[in-house]
Amino acid sequence: ASFTIALRTVDNVTVMIKLRPGVLVGCQIHVKNFFRSELKIKPGDNVTFTFTCSTPEKYFIMEIQKNIDCVSGPCPFGDVHLYPLGLPRLNRTFIWDVKASTKAGLELKFSTPWLRQIEPGETCPDFVSYNINSCIDKATVNIGTFCRNGSVSRVKLLGGVIMSLHLPWNSPLTTSGFNIANRASIKRLCIIESVLKGESSVTLMSPNYPLGFPEDELMTWQFVIPSSMRASVFFHNYSLSNCERKEERVEYYIPGSLSNPEVFKLSDSQPANIPGSFNLSLQGCDQDAQNPGILRLLFQVVVQHPQVDENVTHLVDLSKELNMTVTIHFEGWPSRIPVMSEPICLICKDPRTCDRVLTLVSGAIYKISFLCKDLSRLRITAEKGISCVDLRWCQRKIFYLLVPKAITQLPIQLHKFIWKLLAPDLINIEIMSPSLKLQQHVPEQRCNTSYSYSIVGATPETELNVGVFCPGGSVEKIQMRNNVTISLKTFGKRFLNESKHQDLQMSFVPHIKDECSFTVSPDPKAKVYLQTPNWPYGLPPYVSISWYVVVPKKQVARLGFSKDRMGIACETGRAYVNIKEETAGAEETVRREDEPLPEPRNMYHDFWVNVSNCKPVDKTQLTLQFRVTLADKQIDLGVILAVLAGAGVLAAIGLTVCCVKKKKKKSQNPMVGVYNANVNTQVPGKQGLFTKGRKNNESHVYAVIDDAMVYGHLLKESNGSVSPEVDVYRPFDGPIGSLPPSPPPLSFRKDIKRSSNTEEPPSLTDTDHDTYTFAHQKSGQSEDIGDTSEKNNGDTSTSLLENKEQDGLVE
């Protein structure tokens with residue numbers, strides 16, 4: 001098809017057809033037997049041309065520029081038309097370059113549905129866009145880029161204007177959508193009018209955004225809003241320039257205000273709940289010539305109906321709290337930014353100071369209100385710090401980790417409450433739940449309560465994510481060596497009722513041995529599942545974790561691991577699992593990372609489980625899980641048979657003695673006292689278990705002994721095997737201590753006799769699965785159980801629990 005474009009001289013219109021940027025020549029323009037890649041048609045020309053391809057819109061674009069002089073001649077007020085007609089279907093840009101004096105600015109009026117400003121690089125849904133530039137002398141300022149369907153109804157500009165309309169090749173639009181309404185002198189860069197009729201929002205930007213507002217300029221936005229509506233202003237993105245004189249600011253003119261204009265810094269919370277129409281102005285400053293900086297602003301105005309409960313205030317008393325902040329925010333904050341079209345929820349400290357996010361600090365009393373149709377979209381996140389400087393004062397205090405009533409009484413769901421527990425060097429933290437206890441959240445035993453605690457310890461090198469816990473379990477207390485962050489997270493509305501029974505507490509204790517230590521009292525009716533911290537990513541290198549499991553006297557605990565091996569290979573050091581019962585003479589079971597883990601076993605006394613990590617090879621990580629099940633003790637049939645056999649032996653001995661007595665009846669002597677010097681009267685083990693030795697109190701000397709003991713040598717003649725029952729040793733079954741078993745040294749030997757050999761022992765193979773036991777010291781020898789200060793720690797922490805003061809929450 002051929003096209004003819006005839007331009008009148010008086011219209012002062014120029015048409016330019018050229019290749020699209022970045023497109024190779026695949027089509028040409030045929031004009032008077034010539035082939036061209038571009039064509040320029042000037043005012044007064046009449047040109048007929050064709051394209052050498054059937055889809056010229058893929059290769060060519062068109063610019064139509066009209067120059068309008070409003071300085072030396074009359075200004076053509078009224079609608080601006082798309083001229084000329086009959087243009088080829090190409091992507092086209094209409095440009096109107098209007099010259100005007102700075103003493104008589106121009107007013108552009110847009111027909112409905114008006115315009116909506118967009119950020120640079122953003123595209124319009126229908127690909128139809130407007131670009132407005134202001135021309136003052138030789139300077140050009142980009143007022144902004146706009147799409148159709150918005151609230152911007154008019155723009156007043158100081159000086160001339162360059163107006164551009166971009167249309168895609170298939171756009172059906174036949175009108176420009178604006179007119180030159182008037183010439184009016186304004187003493188500022190521009191005035192943008194935005195009309196908001198119902199509940200809606202509009203986003204606007206300062207000129208030249210994001211490159212920077214012109215130096216020392218002033219501009220105004222006029223917002224036309226029904227008096228029955230309420231408007232709120234939010235600054236989402238701004239930056240400041242470096243001022244030499246004056247100060248950058250925003251000014252509000254609010255009808256009915258007693259202090260017009262109201263002046264705010266860009267960093268201030270902007271006015272909210274404004275009744276009806278208002279103006280907002282942005283004022284620049286004289287910038288530093290060497291380092292001017294950038295002044296820019298992107299903001300949002302939200303219009304909504306007055307809320308029914310906007311006059312209802314809620315008292316939040318934080319006057320008695322210390323080191324606490326409370327943030328009320330929308331759901332998903334801070335990771336999610338609400339969509340502009342979403343209904344907005346505002347939190348107000350006073351009728352005009354409102355925002356989507358409001359932070360309250362301790363030591364003050366607040367009266368807050370909500371401008372929100374649905375309060376269920378709001379959440380509360382609070383944070384409280386507890387620290388210890390002097391252990392002599394701290395260790396006498398029990399700190400209750402409870403959510404204050406000032407928060408729970410608000411009609412908003414608590415999302416998270418964070419306690420940051422700070423402990424200096426040589427002071428550690430103990431977390432307790434005396435009545436409810438804690439359950440560790442594991443795949444086999446998930447929490448189903450309305451809230452849970454996430455416990456994280458911060459070491460100098462890395463974080464130790466201890467795990468997620470909920471109330472109603474078997475973990476009585478957790479001791480940690482470093483600073484701890486506890487995050488309470490809620491699930492559902494049940495928390496308001498269940499929160500009344502919280503009993504989480506913490507205290508500061510002296511230095512502990514392991515990175516983390518648990519005290520567990522299993523539920524007799526359920527399995528207890530426990531797993532190493534940092535699950536499922538693995539323990540950090542060289543970290544040691546301990547569990548102290550309490551076994552009731554009339555019950556037995558069944559201990560079993562969830563897998564056969566640790567599943568790691570060590571690059572440096574060795575990884576160990578240590579198991580030891582807390583009773584005299586108990587053997588300590590030790591497994592290395594290259595050995596199978598212990599088979600399920602019965603534990604008849606309180607016991608320790610210790611896991612010590614090495615530096616693993618590659619990406620292998622140490623993750624262990626074990627379970628503990630309690631059951632009533634059963635009488636062993638073998639024990640019953642042994643007792644019956646022993647009774648039979650004693651009966652035989654009695655019969656033998658009786659016979660001997662009858663034979664010696666005639667030569668019977670009076671009863672005498674005998675001292676047996678061959679009997680060992682020392683109790684093996686530690687002498688410190690008794691305050692006075694039995695060797696000193698002569699409790700082993702008998703004044704009178706039965707005849708059977710006197711004639712005990714006759715029992716040997718009758719092949720008896722029972723020794724005289726003089727000073728018989730009975731094992732001590734009292735408490736031994738509270739320190740966990742220490743991991744074995746790297747130079748550990750199975751065979752004690754080889755310890756003097758200086759050669760390195762051969763490495764253990766997979767077939768070497770014997771249980772390792774440490775020999776217990778003899779009486780009088782010192783036992784290496786770690787630093788004495790560490791041993792005393794267990795005593796101190798225990799006394800803290802027994803002698804805790806009921807002083808309430810102390811910071």
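Residue numbers in this text run from 1 along the chain shown.
Cβ coordinates are placed from backbone N, Cα and C, and glycine is handled just like the others.
The compositional bias 'Basic and acidic residues' feature in TrEMBL is assigned to 748-757 (among others).
Annotated compositional bias 'Basic and acidic residues' per TrEMBL: 802-811 (among others), in sequence order.
When DSSP labels each residue, the domain 'CDCP1 first CUB' (3-70) comes out as 6 helix, 36 strand, 26 coil, counted as helix, strand and coil in that order. Residues or ranges marked as domain 'CDCP1 first CUB' by TrEMBL: 3-70.
Per DSSP, the domain 'CDCP1 second and fifth CUB' (79-182) is made up of 0 helix, 62 strand, 42 coil. Look at TrEMBL and you will find 79-182 (among others) tagged as domain 'CDCP1 second and fifth CUB'.
The domain 'CDCP1 third and sixth CUB' feature in TrEMBL is assigned to 188-291 (among others). As a whole-number mean, the pLDDT of the domain 'CDCP1 third and sixth CUB' (188-291) in this prediction is 93.
The domain 'CDCP1 fourth CUB' annotation in TrEMBL covers 315-403.
The feature domain 'CDCP1 second and fifth CUB' is assigned by TrEMBL to 410-500 (among others).
According to TrEMBL, the feature domain 'CDCP1 third and sixth CUB' maps to 514-625 (among others). For the domain 'CDCP1 third and sixth CUB' (514-625), the number of residues in each DSSP class (helix H, G, I; strand E, B; coil) is 0 helix, 48 strand, 64 coil.
Annotation source TrEMBL lists region 'Disordered' at 733-811.
Look at TrEMBL and you will find 637-660 tagged as transmembrane segment.
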Report the DSSP secondary-structure composition of the domain 'CDCP1 third and sixth CUB' (188-291) as helix, strand and coil residue counts.
0 helix, 52 strand, 52 coil
Between the stretches 3-70, 79-182, 188-291, 410-500, 514-625, which one has more Cβ pairs under 8 Å with the domain 'CDCP1 fourth CUB' (315-403) than any other?
410-500
